[in-house]
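According to TrEMBL, the protein carries these features:
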| type | residues | note |
| --- | --- | --- |
| TRANSMEM | A:25-48 | transmembrane segment |
| DOMAIN | A:27-260 | domain 'ABC transmembrane type-2' |
| TRANSMEM | A:68-91 | transmembrane segment |
| TRANSMEM | A:112-136 | transmembrane segment |
| TRANSMEM | A:148-172 | transmembrane segment |
| TRANSMEM | A:179-197 | transmembrane segment |
| TRANSMEM | A:235-253 | transmembrane segment |
Amino acid sequence: MSTLSYAVSDSATMLRRNLRHALRYPSVTVSVVAMPIVMLLLFNYAFGNALGAGIADSPTGDAEYIDYVAPGIILMAATSGALATAISVCVDMTEGIVNRFRTMSVSRAAFLTGHVVGSVIQTLVSLALVIGTALAVGFRPNATALEWLAAMGLLTLLTLALTWISAGIGLVAKNVETASNIPMPMTFLPFLGSAIVPTDSMPTGLRWFAEYQPFTPIIETLRGLLLGTEIGNNAIIALAWCLGAALVGYVWARRVFNKAR
Amino acid sequence: MTTTTTTTTATRGRTRTLAISATGLTKSYGDKKVLDGIDLHIPEGTVFALLGPNGAGKTTTVQILSTLITADAGRAEIAGHDLTGAADGVRRSIGVTGQFAAVDNLLTARENLILMADLHHLGRREGRRRADDLLARFDLTEVAHSSVVTFSGGMRRKLDLAMTLVGDPRVIFLDEPTTGLDPRSRRIMWEIIRDLVTDRGVTILLTTQYLDEADELADRIAVLDHGTLIAEGTADELKRRIPGAHIRLRFADAHRLDAAADLFRATSRNDETLTLNIPCDPGIPTLRAILDALDTASIPAEELTVHTPDLDDVFLTLTGRPQVDRVPDSRKENPR
C-alpha cells in the first residue's frame, strides 16, 4: 500500500475507534444534542411570545418567532457538537494511548483526522435531531432541496472549522477541565450575533460587534437559504470565515500534534 | 523495506549484531540537563537493563530511542534504522510498553488488540487471529470482551505488553514494566519477558528501579544517575563492586561491641550506633554459627538484622550517597 492509502486506512481505524467510544459512552453526545434542543424549546415556548412580539418587523416578515430563532439554534448545535472534540482529544492526550500511537508507524495525520471526522459525523446526527425537533414545534422553512443542501454544506464546513480548532484546544489543554472550559466563549458567541434577536435591536457598541463577528453572516446565510430572506454578501463572508477558520484550525492542530516534546 | 543492520560489536570473541547503538545522547529541559551523553550498545537477542532512581533519565532515554522525543545531541540506530533519518523504520521495528499502561480504557481487551492489528495493517483475519493468540498466551481470554476500565493493574500491564507484541517488534522497550504491580503479577511479567527472549529472540531494553528485577532479567545492566551512566556490566560484575550481603549486630554498650569485634575480626564497626557489620552469605548455617559464637563467648547482642545488597548499596557505592534522598522529578518522567 502507498503512504496515502496507509493514511486513509489509519484514519479509518481511528475513526472507528472514536465512533465506538461515542456509541458505547453516549453521555457526551447526548448532552451535546440535548443542549440545543432544550434551548430551542426554551426560546420557542418560554421566551418566544415576548421575543417574537419585539421583532415582528423582522426580516422573516411574520411574527412566528420559531422561524427566526430556529436557524440560530441549529447553528448552536453545530458549535456545541464541534467543541466536544476538545474534551475527547484531551482525554486521549492525558492517557498513555497517544504516546503508543506515536511510537508506531501510524500515519501522523490519522489520530486527529479520526477525531475530527468522528466529531463531524456526531454533530451532523445532532443537527438532524435539532432540525427535526424544530420542524416538529412549528419551524416552517421554505427551502428547496438545493437550498437545504447548501445549508447543510455550510453547517458541515462550519462544524469542520470549529472541530479542528477544538481539536487544537484539546491538544494544548493541560487537563480535561481546561479543555471543556476554553471553548465555552465560542458557544456564547452566537448569542452576541443575530441568532436570537436581530442586531438592530442592540445598543450601538454591541451591535457593531454583533454585525462583524463571524457567526452573524453565517446565521444570516442560513436564514436566507432556509427562509428566503435577503442573503446579500453574507454568503461570501460566511464562507470566507469558515474556510479561513478550518485552515487555521487544521494547520494549528497538526503543528501542535507533530511538535516534538 | 527494512534494511539490515551492519553495526557489529565483538563480545566474548564472537561478532554480534547490535540491535540498539547510541552515542552521546543528550537532552535538557530548560536549565536542567536530563541526559548528559549516554552511550548504549545492545546486542541483538539480549536483555539490557537501565537501572536508576526516579529522575535519573531512564524514561527520557526510552522516549528518545522510541522516537517520542528528540535528543538535543547524539545519534542512535535501532535495528539498523537511524533514529533521526529513518524514524518510521525505527517505529516499524520497535514496541514500547511504558510505566503508565497505554491502553484504550473505553474498549475491550480484544478491541484494543485489534486496534493495534489494524494500525499495523495486518488484515482482518490475521489481525483477529493474532489478537486471540495473544489473549490466550497472556491468560486474558476470559476477559477478552470486558471493558479495560474493569481491569486490575496487573491485567492492564499484561494487555499493554500484548498490544506491544501485536506488531511482532524486533526491539522492545519496557519502561519500568513492574512498577506498582503486586508481587504475583510481577513474577508473571518476569516470566513473560523471559519467554519473549527465548521464544522470539527479541532485544529488550528495560528500565527499572529494582536491582533484583535487573538481576532476574538482564544480560547486562547499566546504572544511570543524573543523566550519566556510572557503571555497566553483568549483574555479577556489578554485585562484585558493591558491598555484599552482611549481618548486622547491635549491642547494648561499647564493651560488648569491642568483645564482638575481637571475636569476628576484620569487620566494620560503628561506635555511635554500637553496630557491627559481618560480611557473609546470610544463610541459616552462617546465622547459626554467628549466634553460637556469641553464645560461647557470652556476648549478648541486642539485635540482629540480615542485610542483602539492593539498589541503595549500588548507589551508595557508586555515587557515595544514598538514592532515597532524591526528589523525583515528575514533570519530565512523564512529559506530554
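Including glycine, each Cβ sits where the backbone N, Cα and C put it.
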Exercise for the section: Compare A:68-91, A:148-172, A:179-197, A:235-253 by their Cβ pairs under 8 Å to the transmembrane segment (A:25-48) and return the stretch that comes out on top. Expected result: A:68-91
Handout entry: Top Cβ-contact partner of the transmembrane segment (A:112-136) among A:68-91, A:148-172, A:179-197, A:235-253 (pairs under 8 Å)
Key = A:68-91
Problem - Cβ-Cβ under 8 Å with the transmembrane segment (A:235-253): same-chain residues at least 6 beyond its ends - result: 112, 154, 157-158, 160-168, 171, 214, 217-218, 220-221, 224
Problem - Contacting positions for the transmembrane segment (A:148-172) when only residues 6+ beyond its ends and CB under 8 Å are counted - result: 74-75, 78-79, 81-90, 93, 112, 115-116, 119-120, 123-124, 127, 179, 182-183, 186, 218, 221-222, 225-226, 238-239, 241-246, 248-250, 252-253, 256-257
